Structures are given as structure tokens and as C-alpha cells.
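Visitor: Starting off with a structure, shown below.
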Amino acid sequence: MTTRLDTRFADLKKEGRAALVTFLMCGDPDLETSLAIMKALPKAGADVIEIGMPFTDPMADGPAIQAAGLRALKAGTTLKKTLDVVRNFRKGEAATPVVLMGYYNPIFIYGVDRFLVDAKEAGVDGLIVVDLPPEEDEELCLPALKAGVNFIRLATPTTDDKRLPAVLANTSGFVYYVSITGITGAAAADDKQVGEAVARIKRHTQLPVCVGFGIRTPEAAARIARHCEGAVVGSALVDALRGTLDAEGKAGPNTVSAVTDLVAALAQGVHGVKPVSA
């Protein structure tokens, strides 16, 4: 079965360019603003949209994304409301893939089977669940694949050649390479190290590889995009959003444009280079 992610990466390969993958927390700073930003992302240049599912114990997230999750929870964001945002986005945008990223606990509480039915119906294309290792594929990964939802796995600098086949076994859509060891937003990605790591992953899979963590500027995104099929930017966008909020954490008049302006600049950087693999 061909998914939106398969189609998008195949189209980009024909165009000879990498994808800009954007991450924002659903419901940050509120559901209405979150949907407005999401609707504006494709036109600004986002090729794939990652949406965070807010969770009370986000162990892999740095301070910026943790704070975004807390703002979203304070605004009343739930997993059901996150799916509603995707559903509303889909009313006007059929082509751009949407990937939900987060932790297993909210999905487990929602109910895996019910979640997959609702996610598919809402227009979700893929899942990144950071705390489910390959050894637990029966929990969510295999049911997701059966439901026609891509399951995207993370590879890191510490994922060696012995471990990589297990990580990649049931991965689909793309592989997410975490360019630094640690939490989101903590350091800058090293493009030489990224190039070597992506080449190593490519020896084990034909899937597109997207690189995230440590990419904050159009220049950095362009450097990384030379080595892979996509550059993922999250913390920088969350920081741009946060900078527009008032003292109570409410959206300001330029909250949407602050995010989309940065996305447009990042897109210009990413789309202006030809990946080595193209």
C-alpha cells in the first residue's frame, strides 16, 4: 500500500531535493492557533508535518519542547483533540503527510485499536513513538502497519551495525536519524558525522532517511539536507512560537507568522540543495 509519505518522498526524489520536516506541539499555545499554524505550513514550505502529542513525562524532549507540551496540556489538549486538529487540517490539505510524535502511554490509555482506527480516519500517515523499542513491535508497530499507518523508527549515533537491522525491520515511511546523543534542542548537528551515519544506515535500508535534533537555522538545515532525504526542525520553531506569547502564555498577533516566516526561510535553505542520494 502506498502512503502519503511514500508518495511525497518519491516526488521529492524526482525533483532532486530534500524534504523540510517541521515539528510543533499540538495545542501549543492553544488548539485554535495550533490548527492555524498547521494549515499555513504547506504553503510556507513544509513537506512533512510532525505534530507532538503532549505528555506529562516527555523524557526525550529538551526544555523548549517540554514547555510546549505543558502549555498544550494547560490549554486542554488531549489525544482525541489532537486527532480533531489533524481531521480539520485534512479538510483543506490532502497531500502533505502528517506524522504524530510522542510517547506510548496516551495511546495505550486511548486503546491501540481504537486509536489506529481514529488516527487513520483523521488523516494521520505515520507514528513516531520514542519509548517503544523494536522488541515491543506487537504493542503498536505491527498493528499500525496492518492499519496502513507508517511506523517510523529512530536511529541514533549509538545504534551500531548489530542493532540497526532490528531497528529497521518493521520501519516504514522513513528512518529518523537523531543526529546528537541527548535531548532535543541541546546541541548543533555535525554534518560530517551525519553524512557518515546516513551512509551507514543506507547500507541497511532503501527507506528515506530524515535527520533531526540540532538543526536550528536555514544554513544548518541546508548543510544537513545534502546528506539525506529530509531535515527535521522542531525546537527552533517552538522557540519562535514561544517568543510571541504574552506573560500568560497566550498567542500574540504574530504567533502564526513568526513560525511560518522561519519555516519559509528553512525551506529556502533545504530546497536549494541537491541531496547526495538524489
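Positions of Cβ are set from backbone N, Cα and C atoms, glycine also.
Just so it is clear, the model here is predicted, and its values are computed rather than measured.
Straight out of Swiss-Prot:
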- Glu50: active site, proton acceptor (ACT_SITE)
- Asp61: active site, proton acceptor (ACT_SITE)
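Are these features on the surface or tucked inside, and what are their neighbours?
Guide: Sequence-distant contacts of Glu50 (active site, proton acceptor), defined as residues of its own chain at least six apart whose C-beta falls under 8 angstroms from its C-beta, comprise Val21, Thr22, Phe23, Leu24, Val98, Val99, Leu100, Met101, Ile128, Val232, Gly234.
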Visitor: Around Asp61 (active site, proton acceptor), how many other CB atoms lie within 10 A of its CB?
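Guide: There are 25 of them.
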